[in-house]
Structures are given as C-alpha cells and as structure tokens.
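Taking it in order: structure first as structure tokens, then the write-up.
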C-alpha cells in the first residue's frame, strides 16, 4: 500500500493575513484521519471507570473471599494491597492513556520494542470478552425466567428434577420436629441450573460438548446485540449508557441490602461474614488472596483503563479520579458482602444448617444459592428480577470496556482505514466473538467457560502488568514519566507513587505470579476433573499472551538498522511522534516531534487561545526550564 500523503499537503493553503487568530488556532491540532473523539460529558469518564471496575466479581467473589480468609480481618491485607498494588498501577494506566491519547497497542510508541505487551493484552481481553458475555447470557436467561408469578426453580416435580430433589417449602409446611439430613439431597435451584439451564447431563465432558442449547444461544445473541448497540458510536454512545448501568446497580444493591438486614437470621450471616479471625493474617495465602482480589477487581492490565483515559482531555484530573474509583470499588465490594450474607444468614436459619454450608462463590452463588434464597421471600419473582437486573447492569459496562479496548486498539493502529468505519468494524468484532462463543452454549459449555475463566487471564495478565511497570520505570525512565505527568496535571507524583512503581508494585506482582505457578491446581467443575489435553490447552492460552512479548521484540528489532545491540537500543527508545496528540499540548522535547508540525512554540498557541498564561502554561515553562538545565549539566 502507498504511504499516506502528509496532512500539510492535503490541507488548502490560505494566506495568513486572511485567517483570523481563532480559526487559525482551531486547525492547529487537526489530523488527516477521522478524529478519535472524546468523552462528551463531564462524568462520562468517571462513571465508565466505575462501571468497568465494579462488576460481577464484587458481588460473587469478594464476600466469599472475605469470609474464607479471616472475615473482617481480611480487610487489613485488602486495603494494604489496594495501596501497594491497586492505586499505583491504576494511576499509571490512566496516565499513559491520557498523556498519549492512544489505545493499548499504539501506546507502545513509548518503547516499540515492547509492543508485544499490547498484543498480549488484546489477546487476553478477547478471550475474556467471549466468556464474560456468556455469563451475561445466563443472567438474561434468569431475568426472563423471573417474569412469572411462580419462579421455575421454586419446587421439585418438574421434568428436569431427580429423586434427590428436596423442596424446603415442603419441609417447612410439614413442621418437622426432627432435623432433616440434607447432605445427600439437591435443591430445586441447583437442579434447575445444572439440568435445565445448562442441561449438563447431555455432555460427558469437555471433549463431548453435546448439542447447542438454542435458548442459551438466543440469549448470547441478545447480549452481543445489546453490547454492540451501546458501543456503536464508541465512547459517545457508551459514555451515555453508563449513566444508567453504573449508577442503577447501587440503587438495587441498597434495596437488596435493606431487605436482607430486615430478614430473620440476617445477623447470623453478617456475623459469619465479618467476624475477624486475626490468626489468618499470619498466612501468606490471605495476603495473596487480597492482592488477587484487588488485581482482578480493578481490571488493571486489561487495557480498559488505558483506553478510557485516552479519550480524556489532556489536563483531566485523573489523580482525583483514581482515588474516587479505587476506594468506591472497595466500598462497593464490602456493601455487596452485607447484601449477600444477610440473605444467606436468613437462608441458613430457614434450612437449619450452618452458614458455611450455603455460602458459595462465583456462578454457584449467582445462579444457585441466591435464586434459592429468593424463593423463600414474599414477592420472590420481584426480588429475583431485581437481583438479576443488577447483575446484568454490572456485567454490561465491564463488557463495554472490553469491546472498546479491542476496537480502539486496532483502529488506532490503522486510523486512516478503520476509524471512519468504526461502527462496521465493531460489528465484525462482535459477530466474530459471538461465533467463537457458540461452544459455550452447548450442553457441555460450562466446562469450556471454566477453562477460559481459569486460564485466559491468569499468569499471562500478571506478566503483562509486571512488564508494563518495568518498561515505564526502567526503560522509559521514572524521571521522564514523572515529568510527563507534571506536564499533564501540573504536579509530579509523590514519593509514595514512585516507590510503588519502582519496587513495591512489581515485587507484589512477582510474588503473585510465583504463588500462582507454585500453587497450581488443575481445573475442575464440581466433581468433574478436566482431562490432561484440556489442561495443556488452558496453559497454552496463558502462555500465548506471554509469547506475544518476544514476538513483538523480534519484529521491532528487524525493523531497525545496525548491529543487534544498536537495533535493540533504537527499538527501546520512544518513537519520534510519541507524546501528547494535540500540538498545543506538546512542550519541551515534544515540540518538534509531531509529524507535519507547523508551530514550534505550542505555548504561543495557548496564549493566543486563552488570552494569557494559565497554570498549565506555567507548568510547560517549568518543564522546559528543567529540561534545559539537565541538558546543560550533561554537556558539562
């Protein structure tokens, strides 16, 4: 393909005397490719980040992790890991995205040698998006099933039930004075989930998935249609949808919480959830679990944060937004624990069993235990509908982020060809991922979902985050990165952030990686153990994202000239056009590095546009002076 014609040759030349200062300034940041666009509302970015981070894991993973790792005592390592690992890496991702206005692939202009990190990120996000939307399809299935006067998983006696089915309503109506042995029985909700929704009895294992479940297939198609319609116009459309999907779950969560704590036996569950067991803090497993919860809950490394930040204006206060989102996410997790365990406490009292016998994590909580608890409440279809609608909104805005990450990453790589056709390209991606997800709608689809969940975003994601941290601080340079943030926000990150970026965050991530490898356990679903070939396939999924890094290095080195060491050095340096995307924001070392640059002094652009020097122009002057002083020192 011929190389694109420079922008300066495509733009009509107008005599300077005929151009007013305002119209002249308006064209200074224009580009040939269609504009990427920005968030259209003040809260679009903040709500998108909250919606992305606050997802299904807050409801079905955090409460269970808390009670199994010391109850209230778990909050100590949780908040320490949030400070060491979560907040610093979160801020780093936002800073990279906002400074460059580039997606997770193009952002590696910061050091082209490591572009494979971006490719690894896209591979991970694509795999996660496939199975995450299947979970949303399950939620839709239950949402429609709740639109009835009598919940279908409320009683035994349906065609899918077995002789082991035990209905708690029958026990309660019988007023039995002796304790009922429920160890060898199955609840109606569990049989509804496994034998009707999944129809897992039709599959003998992961190698024999059985037939497609057409009702699940239609739910998956509907979930992909919803996602596509919401990301149709990029952040301009998804940024408006999140005003509902990021806020409405809180309303439902509060309603479920109020209903939960007013139930008889609720405090039994809450006491079980929060009773501190400080002896657990001496176990390394608890600290690792806390770090894992932070790592996956905030969604660092998936590229979503970087993508969202890339649509910000250059001086958006992401420092403030970092603390709002990370602390808000933590508080939401704790609140969700109250809503879940208050209902589990009531359920344990109704069944006459300890709380730990009804408490589960993951899909088991969302599709078996909580639906069963709903059947014990008056107006059970109403509460069931609310619960699944909350899960739907929690899942959707996380899925928006995954899709926006993939689309933005690729369109930023080919802006001339794909950006004008972004809606069509988004449709192609959605259709491709839907077709790849069809295996999840089969009778043995749950086995494939568990495999994807266990391996797609495991050690590969940690390798991506560790590499990003090391490249930014060691290869690009901590001093230069802090100067970029100073240029953007008007202040440099303090010692806390620098210490975390340099030592604490990478060291914690390395500990997580080693722990995951040493404590590796084969996947299982209930009593089903996965065959060896499935384990190998899962490990390959994780390894493939890591292999993208050396592949990217080889490609980058081959594009350079000179000896091998010279090529490596050249490829590790930032690309010529690395820096702020708008010419008016480029200062110091970034002034002349923008292709087709017409103005050698962006500061003058600011002065003409705003009629004076603002705090950000003062920052630009400070940065320029600092660079000049460093250059003088190096010359001496």
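Every residue gets a Cβ built from N, Cα and C, even glycine.
Bear in mind that TrEMBL entries carry predicted annotations, made automatically and left uncurated.
As annotated by TrEMBL, transmembrane segment applies to 45-63 (among others).
What TrEMBL lists as Na(+) binding site is 51, 54, 58, 297, 329, 394, 397, 398.
Outside the transmembrane segment (75-96) by six or more residues, the chain places 66, 107, 110, 281, 286-287, 289-291, 293-295, 298, 300-301, 305-306, 308-309, 318-319, 321-323, 325-326, 330, 334, 465, 468-469, 472, 481, 484-485, 488, 493, 496-497, 500-501, 504-505, 508-509 with a CB less than 8 A from a CB of the stretch. Under the heading transmembrane segment, TrEMBL lists 75-96 (among others).
Note on the transmembrane segment (117-144): residues 56, 104-108, 197, 215-216, 219-220, 222-224, 227, 301-304, 363, 366-367, 371, 384-385, 388-389, 391-392, 395-396, 398-399, 402-403, 405-406, 409-410, 433-434, 436-437, 440-441, 445, 448-449, 452-453, 456-457, 460-461, 463-464, 467-468, 471, 541, 544-546, 548-549, 551-552 of its chain, located 6 or more positions outside it, place their CB under 8 angstroms from a CB of the stretch. If you look up TrEMBL, you'll see 117-144 (among others) marked as transmembrane segment.
Packing around residue 165 (disulfide bond) is summarised by its Cβ count: 19 other Cβ atoms lie within 10 angstroms of its Cβ, all protein chains included. Under the heading disulfide bond, TrEMBL lists 156-165.
What TrEMBL lists as transmembrane segment is 241-258 (among others).
Taken from TrEMBL, the feature transmembrane segment applies to 290-311 (among others).
Here TrEMBL flags 323-347 (among others) as transmembrane segment. Only residues 6 or more beyond the boundaries of the transmembrane segment (323-347), in the same chain, are considered here, and those with a CB under 8 A from a CB of the stretch are 46, 49-50, 53-54, 58-59, 62-63, 66-67, 75, 78-79, 82, 86-87, 90, 250, 253, 256-257, 260-261, 263-274, 293, 297-298, 355, 358-359, 365, 369-370, 372-373, 376.
What TrEMBL records for 382-402 (among others) is transmembrane segment.
The transmembrane segment feature in TrEMBL is assigned to 423-449 (among others). Sequence-distant contacts of the transmembrane segment (423-449), counting only residues of its own chain at least 6 positions beyond either end whose CB sits under 8 Å from a CB of the stretch, comprise 126, 129-131, 133-135, 137, 198-206, 208-213, 216-217, 220-221, 224, 227-228, 231-233, 403, 406-407, 410-411, 525, 528, 530, 534.
According to TrEMBL, the transmembrane segment annotation covers 455-476 (among others). Long-range contacts of the transmembrane segment (455-476) within the same chain: residues 89, 92-93, 96, 110-111, 113-114, 117, 120-121, 123-124, 127-128, 131, 295-296, 300-302, 501-502, 505-506, 509-510, 512-513, 516-517, 523, 538-539, 541-546, 549, 572, 574, each at least 6 residues beyond the stretch ends and with a Cβ under 8 Å from a Cβ of the stretch.
Annotated transmembrane segment per TrEMBL: 496-518 (among others), in sequence order.
Look at TrEMBL and you will find 538-558 (among others) tagged as transmembrane segment.
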With Cβ distances under 8 Å as the criterion, find the stretch in 45-63, 241-258, 496-518, 538-558 that has the most pairs with the transmembrane segment (290-311). 45-63
Close in space, distant in sequence - residue 397 (Na(+) binding site), Cβ under 8 Å, 6 or more apart: 48, 51, 52, 55, 238, 241, 242, 245, 246
Alpha-carbon spacing, residue 329 (Na(+) binding site) to residue 165 (disulfide bond), which is rounded to whole Å: 38
Taking 10 A as the limit, how many CB atoms besides its own sit near the CB of residue 394 (Na(+) binding site)? 27
If one measures from the C-alpha of residue 58 (Na(+) binding site) to the C-alpha of residue 156 (disulfide bond), what distance in angstrom results, rounded to a whole number? 31
Excluding 51, 54, 58, 297, 329, 394, 397, 398, please set out which residues of the same chain place their CB within 8 Å of the center of the CB atoms of the Na(+) site, keeping sequence order. 50, 52, 53, 55, 56, 57, 246, 332
Just to verify a number: CA distance, residue 54 (Na(+) binding site) to residue 156 (disulfide bond), in angstrom, no decimals. 35
Name the residues of the same chain, 6+ apart in sequence, whose Cβ is under 8 Å from the Cβ of residue 398 (Na(+) binding site)? 51, 52, 55, 56, 132, 299, 304
Checking distant contacts: for the transmembrane segment (538-558), what same-chain residues at least six beyond its ends satisfy Cβ-Cβ under 8 A? 108, 112-121, 123-124, 127, 451-452, 454-456, 458-461, 463-464, 467, 523, 530, 564, 567-568, 571
